[in-house]
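Now, the feature entries from TrEMBL:
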type	residues	note
TRANSMEM	12-33	transmembrane segment
TRANSMEM	45-65	transmembrane segment
TRANSMEM	72-90	transmembrane segment
TRANSMEM	118-136	transmembrane segment
TRANSMEM	141-159	transmembrane segment
TRANSMEM	171-190	transmembrane segment
TRANSMEM	225-244	transmembrane segment
TRANSMEM	256-289	transmembrane segment
TRANSMEM	337-355	transmembrane segment
TRANSMEM	376-393	transmembrane segment
TRANSMEM	405-433	transmembrane segment
TRANSMEM	478-496	transmembrane segment
DOMAIN	534-572	domain 'RING-type'
REGION	601-629	region 'Disordered'
Amino acid sequence: MWQVKVQREQVEAVVGVILRIPSLVLAELWFRTSPEKLTDQPDDVTFIITVIYYLSLFFALALAALPLKNLVYLYIYTLSAGLVCFNWYMSHLFVNTELSQESESLMFLTDSSETQRVLLHLLTQCITAAFICYLLEITNWTRFVFLAFVLPVLAKIMGMPSDVISGVHNFSTIFTILLVAFTVFNNLSYTFETVRVLLRKLSEAVTEFGWIPVILASWNTLHVGIQLLIFWLYMFISHIYVFIKVGNSVIIQEGFSMIILAVVGECCATPISLLALSVTVSYFSYFILTFTKIFLQGWRGYMNDNDTFRGWTEGGTMLLIAFQTGLTDLKPIQRTFLMSILLFIVVSSLIESMYEVADPILLSLSAAHNRNIFKHFRAVLLFTFLWMFPLYMTYSICQYFTLDFWLLVIISSGILTTFQALGSLTVYSLFIYDSLRENSWEKLDDVIYYTRATVRVFEFLVALFVVCFGLKETLVGHWSLINSAILIVHCYFNVYKRLETGWKTFLLRREAVSRVESLPQATEEQLNSLSDVCPICFSTMTQAKVTSCNHFFHATCLRKWLYVKDTCPMCHKKIEVKKNDENQTGIVVENNYVHNLMERDDELSEESDMSESDTESDASTEILEEDNDQIFDNVEAERAALQTIENNAA
């Protein structure tokens, strides 16, 4: 059997999350209610309700921020106070029953049902008092003071009349209130000291690290995200139950999807629930993206994954758009329809994130010639979903809303994801086709470039269409500052930046092609004598280009390298564009000795010219003439050797 080891930190984390969730419930109720709605109540009652209203907010903050040890004590005292109230309520019911019966006091000795009632009240009061003492760890004589509400039952047993029993109950109530007030006053200094210490530590942490690191550390330490997730799921399930039981029949007739939208809209009516919804969307997105990686790479891919911020983009997008549109201030039916658009935006962003996760995995499967057919099948199946589902969502949302600038901006992201997924599938197919060939496909890089360029052109056309549609609505329809701002941002990032990036890519490719074409082609004799592989792709070279530094590469591989750097991959010498005016076959230099000969030829020629200019003024003219003859002989010999090598290469 497996032995599961649970660490103390994990238990404390679970207990802390469970104990802090009621703070979110209290905060949600605090936002949904207001004492200003109480118009028919007396002033004193309204004042008491207002005090309780704001004290509940303070209590919710204490539940959310206190350390676990202090939080447990707070729950113990709160539970004890609730049990004391329960004892008062049981005593109140007992006294009211006595006043309503108006029977003899000793009747319980002859009536079995009355005897059971009295003994049940007595036993309940004793057990509750004993449990309070256990919670508060009271072991001395003071534990008997919690039996104050036993006195009305004892008065009944002693045969006292009903009015006396009622007086005893009032005495027990006053005594208990004084006892609770004394306990609170006695521990008030401890409470203030605890709050002061917490505020001092918070101030020191903010001074040392700043607000943002402190907030992030508190978020992770208190597991606020998990609290919000559990709180929103609880609220979502409870609202579904209530909605189905007493919901709007018109919305129920629209189908299950409309019910979900209505419930989700109802579960984000306050800032707390809206924040909880955004966190839930983040966790849901993280689960989907993680499952995508596991679906493509297996469990090993998940174990090697260290991206802990995946999915928070979708949650942040949800929160930002909800605040900008004033989602919490809308009516329920308006919130339902706006929620459909918000969820469409979130799902579109999630589909795009799935594409970003899956695209490198798909290309690595084809480029690495992976033979696992199931991995290829899962990748192709996922990308089929990635290009079909955005089209289905676009079709569905256009059935309910009229096409305008905002809707076009929203659906354009899904259409772009469709084009990108189709482009990746096409590149994947090209790599698979190249892997099935016996020889490498020399034109593969060009075909892939044109495929990606086609996808970029489609993306540019979609962005340009959105801009043109927005300009049309701005000029013909109703002008608004927000629409104009969105149009300018969209025009800059999605049109101008795409055009600029595409043009830079084209220039880099053209320059790389020029550099490669300016290099001489290796001959068969050189490739046979070299008998080596391409240093970039490690494949056999049937054709190759030779750099000026005498290194051999595949033309396609060298072109890819030159997209990034303009130097040789081996020695990092800069590769210049050279124009060959002579025969295009050229002369391939066999080794660095030839270059040395050419450099030495130039040096000797310069020395010869210098020697001729200095002979008239030098006293040793004959010696210099002999040196010049020797230099000329060396130059002629080296030139003859160079000419011989060139003829052999030709």
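Using the three backbone atoms N, Cα and C, a Cβ is placed for every residue, glycine included.
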Residues in the domain 'RING-type' (534-572) grouped by DSSP into helix, strand and remaining coil: 10 helix, 6 strand, 23 coil
Recorded stretches the transmembrane segment (171-190) and the transmembrane segment (72-90) touching, at least 3 CB pairs under 8 Å: yes
For the transmembrane segment (72-90): best-contacting stretch of 12-33, 118-136, 225-244, 256-289, 405-433, by Cβ pairs under 8 Å: 118-136
Candidate ranges 12-33, 225-244, 337-355 - greatest C-beta contact count to the transmembrane segment (405-433) (under 8 angstroms): 337-355
Non-local residues, at least 6 beyond the ends, that sit with Cβ under 8 Å of the transmembrane segment (12-33): 53, 56-57, 59-64, 68, 71-72, 75, 222-223, 226-228, 230-231, 234-235, 269-273, 276
For the domain 'RING-type' (534-572), mean pLDDT (0 to 100): 80
